[in-house]
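Each remark here refers to the structure printed beneath this line.
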Amino acid sequence: MDTLLSVVVNAFTPVHLGMVLAGVVIGLIIGSMPGLSSNLGIALMLPLTFGMDPVSALILLVSLYTAAIYGGSFSAILLHTPGTSASAATAIDGFALTRKGEFNKAIRISTFASVFGGLLSAIALLAIAPPLSLLSLKFGPAEYFWLAVFGISVIGTLASGNMIKGLVSGAVGVAISTVGLDLDSGYPRFAFGFYDLQGGIGFVPAVIGLFSLSQALLMCEKPHNTIQEADPTGGGKWRLLPTWAEFKFIHPTLWRSSIIGIVIGILPGAGGDIGSWTAYNEAKRFAKNDPDFGKGSIRGVAASESANNATTGGAIIPLLTLGIPGSPSAAILLGALVLHGMQPGRTLFTEHAHFTYTVCVGFLIANLVMGFVGMAMCRYMGVVARLPNTILIIAVIVLSIVGSYSLGNNIYDVYTMMAFGILGYLMRKSGFSAAPMVLGMILGPLAEQGFRQAVQLADGPVLLHMVANPISWVLVALIVLSIGSAAYLEFSRSKLTDVMAER
Amino acid sequence: MTFMKRFHVTVAAAAALSALALASSAGVDQARAEFPDKNLTLIVPYGAGGGTDIGARLLAKDLDPLIKQPVIVQNITGGGGWTGWGTLATAKPDGYTLGLLNAPSFYMGYLDPKLGRKERLESFTPLINHVIDYVVVTVVPGSPYKSVKDLVEAAKAKPGSISITAHGVGGDEHLAIMQLERMTGAKFKVVHNKATPESKSQVLGNHVQVLACNLSEIVTEVKDNQLRVLGVMSPAKSRFLPTSPTFKEQGYDIEASVSRGIAGPAGLPKDVEAKLVAWLDKVVTSKEHQDKADSLFLELRSIKGDAYRKFLKDNEQTVKDLMGW
């Protein structure tokens, strides 16, 4: 109890609170700029922390991490330009709300959800990190394969209304993800002799193209319009917290998405992108009675944003307990931890428990602070939605180019972004959704690697190896349920239209 | 036309005059501009925050005060590192653009005919080796294998049944496993992952039996008794794991490592090269730099100039032999 008290007192010292604030502000700025990711932010701040004490340094970096993930939602909601790829799913419903003039509503839901997900993950981190971290070890190649298949199984329902177009888009996404040097054989796949393609097609530039540039091209069609198409109705005014009705509407989504986010965060190699999309899928599945879903439902915003912030605390759990980072950003945090003389593992919770828990409490405070700072920053941001498209088109194109170039100072990433921008524009004009494609690009490699490794590791029949673990059983059951329910829904819907047609 | 001509003449005259003025002001203490008189760029061919990047930033930070010019780290990513190395090879050889060279990762791009890069080792001027990180083979404490011999015997008894991690064809772990296979006739089941954390969780979770990775990545786990070392592929015992045996001590003469050094494009002026090597050596061998590397469990190894070139050439030959390229 004494330790707890001293930890809390330590976390609330002016220096540490200052670090929280600095991390949050830098994170929000970096996060809201497309292309500048949380990874980059942490990596750039890392050398600046060398002179600090370990607690201040880590508090600064974890605050930056969670704030950057949240900051990505601003531009996603306002301009359909996700600031980080973890906020791409937010753009779907968030931007639809902005068009209806309800930017302020979308942003307060996004803020509330981000804080909710972040806080829940911080509590998980503080309370049950050691047992939870074991989850990351239970997932072997077979389990990863089933997890990816489960994610892919929702593609059909993700494309609003048109299952065939959704499946095509998803399959193209999976195909795109196979481009590049194959890890197992060293063969360059679909590179056609281009050096740049040997490294694969960059995920982040592709997402910037599909969401941001395609949006700019769409706006070119109506240069004198504004994003906001209607005058604000109920949700137009700025409010710090959601209304009671809004909260009641989203709270089951918040819990579900945050738990999904924490679990995905714990798994190594899967971060905010996979977390937000998986939660968005699940919310969609539970949103049968919500006709607005995908077209401006606050549940869509809440699902994606609570999940991507929940992955931050989740990703730190195996980092601290096992030294296995749960996301790419956490991998950089691992470097920071080690550079400051803190070795991940048991000693962090015994010998250095004071350090560890102070950082965790700092992380918790950061999740609260970012909500207030974010809402203050957004207070007048809605004005942008009433600016003429001509101005915004230029801004979005500039941000898209700068963002994709700054990823790796590589002009090839800009070309990738442009190609996907044009593809995204054509897709949106012809009723194809970009979401399944992005999902395919994320989950394709996960499924492929899981499958190939499982086949390799199987002693005896492959199928038996694939279902040797109870986690696999659960995942397989979920897949069957997912495909079954989608098929049933489609069947009853077509019957319904038959009946309607008869009348 | 005459106006334009006159304009040109004026500009040329002005330029010549100002150049003269500059030269004379600089000429007070030296004949020509001393290298370096502007900032240096250090190309990191991988993303920000990775092992290469952290090492490069530590180096840049310590090099900075020594040369009294800023050293700017630039991450140029893509193409498995070759976008960055390609940029380095074609940069102006004036000493202002340097980059990190990762061996054996960078051999594959030009040695493997499937990839067909035109650059060669000779496209670079190797300056100094910075870090060397040996391959280490570990298992979980409950594993039946107590030594390299146990592992090899088991792999010979049932070829292809023992799973071991690696990180890509032609990577250091893969080359190390191939060396062991060639030496003993054993056969392993090599499971490739993108990065060590994934491999670590597969081994700790008992999905894969043996973890092959670099020493700096598992020191903590070994001290925590989560992993047990079978052998380190270094010439002598590592000071980070002083009780862990090497492969050599167990009768398997294998050395395998990943090394990172600094290089410039081919054709650096000799005097610039000499200056850079001297400065870099001073940083790499300094106590302060050593302490930072120690906290990352990284072994610094200064191999300078021609010796570094030879070191890389020898490594290249090993890769060629093993991969059949």
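Positions of Cβ are set from backbone N, Cα and C atoms, glycine also.
Annotation source TrEMBL lists domain 'DUF112' at A:17-439.
Taken from TrEMBL, the feature transmembrane segment covers A:12-30 (among others).
According to TrEMBL, the feature transmembrane segment maps to A:109-132 (among others).
Under the heading transmembrane segment, TrEMBL lists A:144-160 (among others).
The transmembrane segment feature in TrEMBL is assigned to A:167-187 (among others). Long-range contacts of the transmembrane segment (A:167-187) within the same chain: residues 152, 155-156, 158-159, 197-201, 206, 427, 432-445, 447-449, 452, each at least 6 residues beyond the stretch ends and with a Cβ under 8 Å from a Cβ of the stretch.
Residues annotated as transmembrane segment in TrEMBL: A:199-218 (among others).
Per TrEMBL, transmembrane segment is recorded for A:319-342 (among others).
Sequence-distant contacts of the transmembrane segment (A:354-375), counting only residues of its own chain at least 6 positions beyond either end whose CB sits under 8 Å from a CB of the stretch, comprise 3-4, 6-8, 10-12, 16-17, 19-21, 23-25, 27-28, 54-55, 58-59, 62-63, 66-67, 70-71, 74, 107-108, 111-112, 114-115, 118-119, 122-123, 125-126, 240, 309, 313, 316, 320, 342, 348. For A:354-375 (among others), the entry in TrEMBL reads transmembrane segment.
Tertiary neighbourhood of the transmembrane segment (A:387-405): same-chain residues 33-36, 75, 79, 81, 202, 204-205, 208-209, 212-213, 215-216, 219-220, 222-227, 411, 413-414, 416-417, 421, selected by CB-CB distance under 8 Å and a gap of 6+ residues from either end. As annotated by TrEMBL, transmembrane segment applies to A:387-405 (among others).
Tertiary proximity for the transmembrane segment (A:434-451) is limited to same-chain residues at least six positions away from its ends with a CB under 8 Å from its CB atoms, namely 88-89, 92, 141-149, 151-152, 154-155, 158-159, 166-167, 169-178, 183, 201, 203, 206-207, 210-211, 214, 269-270, 273-274, 277, 280-281, 424, 427-428. Look at TrEMBL and you will find A:434-451 (among others) tagged as transmembrane segment.
With a cut-off of 8 Å between Cβ atoms, the residues of this chain six or more beyond the transmembrane segment (A:471-491) that come close are 138-139, 142-143, 146-147, 149-150, 153-154, 156-157, 163, 285. Marked as transmembrane segment by TrEMBL: A:471-491 (among others).
Residues 66, 69-70, 73, 77, 90, 94, 241-242, 246-247, 250, 254, 257-259, 261-262, 265-266, 298, 301-314, 316-317, 320-321, 349, 357, 360-361, 363-364, 366-368, 370-371, 374-375, 378 of the same chain lie 6+ residues outside the transmembrane segment (A:109-132) yet bring a C-beta within less than 8 angstroms of a C-beta in it.
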